[in-house]
Amino acid sequence: MKGLVLAAAGVTALAAASLFVGVSDVTVGALLGGMSDEATQVMLVSRIPRTLALLLAGSGMAVSGLILQMLARNRFVEPSTAGTAESAVFGMLMVTLLAPGTPMLGRMLVAGACALAGTALFLGILRRMPLRSPLVVPLVGIMLGAVITASTEFVAYRFDMMQSVRAWETGDFSGVLRGRYELLWIGAALTAVAYAAADRFTVAGLGEDFTTNLGLNHRRVVSLGLVIVSLVTAAVIATCGMIPFLGLVVPNLVSLTRGDNMRRSLPWVALSGAGLVLACDIAGRLVIRPYEIPIGTTMGIVGSAIFLYLLLRKNAHAG
Amino acid sequence: MIEVRNARKSYGETVVVDDVSITVPAGGVISLIGANGAGKSTLLSIISRLLPAPAGTVMVEGMDVTTTPGDVLARRLSILRQDNQMTARLTVRDLIAFGRYPHSKGRPTVEDRGHVERVIRYLELEAVAHRFLDELSGGQRQRAFIAMVLCQDTRYILLDEPLNNLDVKHAVAMMKLFRRTADAFGKTIILVLHDINFASCYSDRIVAMRDGRIAFEGPPEEIITPAVIREVYGVEAAIQEIDGKRVALYFR
Amino acid sequence: MPADCEAVGRRSLPPALLIAGLGGLTLLSVVLFLTLGAKGSWSFILAFRGTKVAAMLLVGYAIAVSTVLFQTITNNRILTPSIMGFDVLYRLIQTVLVFQLGSAAVTAFDPRLRFGIEVGAMVAFSWLLYRWLFSGSMRGLHLLMLVGIVFGVLFRSLAGFLQRVIDPNEFLAVQDRLFASFNRVDGRLLLVSALVVLAVSVAVWRKARVLDVLALGRDAAINLGVDHRREVMQVLAIVSVLVAVSTALVGPVTFFGLLVANLAYLLVDTNRHRLVLPVAALVAMLVLICGQIVLERLLGFNGALSIVIEFLGGIVFLVILVRRAAR
């Protein structure tokens, strides 16, 4: 509990820092003095929404990764290694092409439905592979994602939408403004649902037989998890684009010290996810001021480096 | 009482469980024996509704396992299959505590905690209770899984090769524990066993399967005989009686 | 392999006939590509399409040969150099070069010189990296692939990072000149690439019998007296060169090699590299050109070829992977 409080304090500090880092200078003095309307405006319109978006997207994606890992019973699965994120992008493209007037919420729901279908397909393929090594599971997911991406890009290419697809594929919070991030609150609500159902997901992580033995409907638990993961992923992609490997590395790092009892580890995963995304975004804003490095790129480096560490470390002792 | 009526299951052309009907009265230790591929594990999975059988019915105390709600059944019957691979990193105590899930739905009561600690003690897992499963030896992990199922505290306990990975000492302790649990609490424990001598020494009844059918059924004295063992396993065995228990020697 | 594939293998044509047939078809497709729907000045069309077709032939050849070689030394038919992050590595090296020297200096270089430097760096670096990956405990195939893919993401992100750091505006200006695609082939690179590929091919051809032994696996190769480590490293260097050539010309194509290598294995029922390599190369050229003809001339989808290849190759990969894992 004490550790959690400390972690929460750390994330709060990062969030505070995020409020004051950016192109236009906003200082605490200027805000408090009420001197500058401009500073207040920047705060309200850009900085606060951006920071909130980072918090919500980071925790949501990390928790989604955790849930997927429980459902697929595999350490290396997360929305971008299970076809989820790629399917959501496909959905975004389709709804943008076929029904351009759809409001954001509608787009997100369509993307979520596609993500659901894609992830269910992934889990279906896994079920057909009775003897699977733990490492082949993310491989299948990544390749399924590549196939879906290829179809997305083919359509996008035909209709000159590559620009938008690229935007969905690479996470970037620089465009987050008031009125353009609120979908993420849906993600937050779903994360709360995930916490309420944490025990069910842990049981599902023990396997289908265990789940049935304990009197739970495995199919129903999986469906609930898939819906949460798909909608959170869709909300994040619709708002700020894909954040690679976040849902993979955070639960893994938490699991090393805290284990996988989701009731206990979920708060840690949510906090660490938010913290990592905040840190990456702040770094991206600082390195080449006044320009920015999008979070897709920074997380790509940090995430894949940690992923590699996890893979090679696993190999070192698990064999 | 568990009643199986005309259960049947096949994989493709191969019939694994062939029209099996059996009645298991409540109370006692029942061992299922038979050669590899005789259908023991499949039958156990059908009884425990892990594997839906395309034909036949299974009733547990008058409840049809295919239609009874899962959580109701989970308070009456528990099952542990063999080869439990676990990717989730749980501590032993957490795993065992999940045995209480059917009762408390993840909100453990004082009584639940008492159960957990008692089972940990019974299975001598105190020293490793706080460790993660992936840090344990195969035998310790197997005992943790059995502990979870025992913690579920159901009237019927089905275990598929529970002695897997256990050394002689722990295997004996485990069988004694099953015996005690059955005698003291009136539980019905159904085991799939490979070691016929364990089955002989600790069971009230033995069910021998062959080619998906029940070949023999009865108390150990009737089953542990050269004729039955020859029929079931195709092996010649000499039977010795030691301390009132029948032991088969088949190492020749 | 399913029964029908075996049947194809058993009934496979005599090698000479097979190669002649494939060669003839390829030639036919080249002629079709050059002439189909041509309007206006012949000299212009031939020059324009000629460059393109030459690039496709070269790229198909390079990808096919590099994939077969890579699969031989890894003893695995679902690996390709691109899955292992080779082509992204090439892009990273390109970017680092711009980062170190500045875009002005790099674009002022003769592209052939730049190409030479890039290939050199690529060979050196990939050699180090993959020597580390293939040595020691990295035996598990799935681990190897996963590590390769993640390295790919790491390289891509690092390249993206550097591209931003360089100065976003400046980088955009050189990006087009650096990164090629099937539709934007740098003609000046063609000749030098062709020479490089030719030189490498001679080396491969002379190695063909050693390659046959390497395909038996490490232990068997050592038992038969082959210096396994040295040979593998040499083959890796050759693969690096070939990947650099194809990436420099048209950019990354992840699954194409997989597609053509496995088609070639279906067509010939032997492991002999003197047969597999030419067949794979011819299949690659044929598929590329025919694909381009269908997409560009018949369907009017200009430039979508690499995407379609990605899609088909990805599905082939998934099928092979799932089928292998199920066994």
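Placement of Cβ uses the backbone N, Cα and C atoms for every residue, glycine included.
Those TrEMBL annotations? Automatic predictions, nothing curated.
Listed by sequence, the residues of this chain that lie at least six past the ends of the transmembrane segment (C:16-38) yet keep a Cβ under 8 A from its Cβ atoms are 45-46, 49-50, 52-53, 57, 267-268, 275, 278-279, 282-283, 285-286, 289-290, 292-293, 297. Residues annotated as transmembrane segment in TrEMBL: C:16-38 (among others).
The transmembrane segment annotation in TrEMBL covers C:50-73 (among others).
Residues or ranges marked as transmembrane segment in TrEMBL: C:88-108 (among others).
Taken from TrEMBL, the feature transmembrane segment covers C:115-134 (among others).
What TrEMBL lists as transmembrane segment is C:140-166 (among others).
The transmembrane segment feature in TrEMBL is assigned to C:187-205 (among others).
Within its own chain, the transmembrane segment (C:235-268) has Cβ neighbours under 8 Å at 5, 8-9, 12, 15, 18, 55, 58-60, 62-73, 77-78, 80-83, 86-88, 90-91, 115, 118-119, 122-123, 126-127, 130-131, 134, 179-182, 185-186, 189-190, 193, 196-197, 200, 203-204, 207, 211, 214, 275-276, 279-280, 283-284, 287-288, 306, 309-310, 312-314, 316-317, 320, counting only residues six or more beyond its boundaries. As annotated by TrEMBL, transmembrane segment applies to C:235-268 (among others).
If you look up TrEMBL, you'll see C:275-295 (among others) marked as transmembrane segment.
Per TrEMBL, transmembrane segment is recorded for C:301-322 (among others).
Under the criterion of 3 or more C-beta pairs below 8 Å, with sequence separation of 6 or more, the transmembrane segment (C:50-73) and the transmembrane segment (C:275-295) qualify as touching.
Sequence-remote contacts of a segment are chain residues at least 6 beyond its ends whose Cβ falls under 8 Å from one of its Cβ atoms, and for the transmembrane segment (C:187-205) they are 51, 54-55, 58, 61-62, 65, 69, 110-112, 115-116, 119, 211, 238, 241-242, 245, 248-249, 273-274, 277. For the transmembrane segment (C:275-295), same-chain residues at least 6 beyond its ends with a Cβ under 8 Å from one of its own Cβ atoms are 15, 18-19, 22-23, 25-26, 29-30, 32-33, 36, 52-53, 56-57, 59-61, 63-65, 67-68, 182, 204, 208, 256-257, 259-261, 263-265, 267-268, 301-302, 304-305, 308-309.
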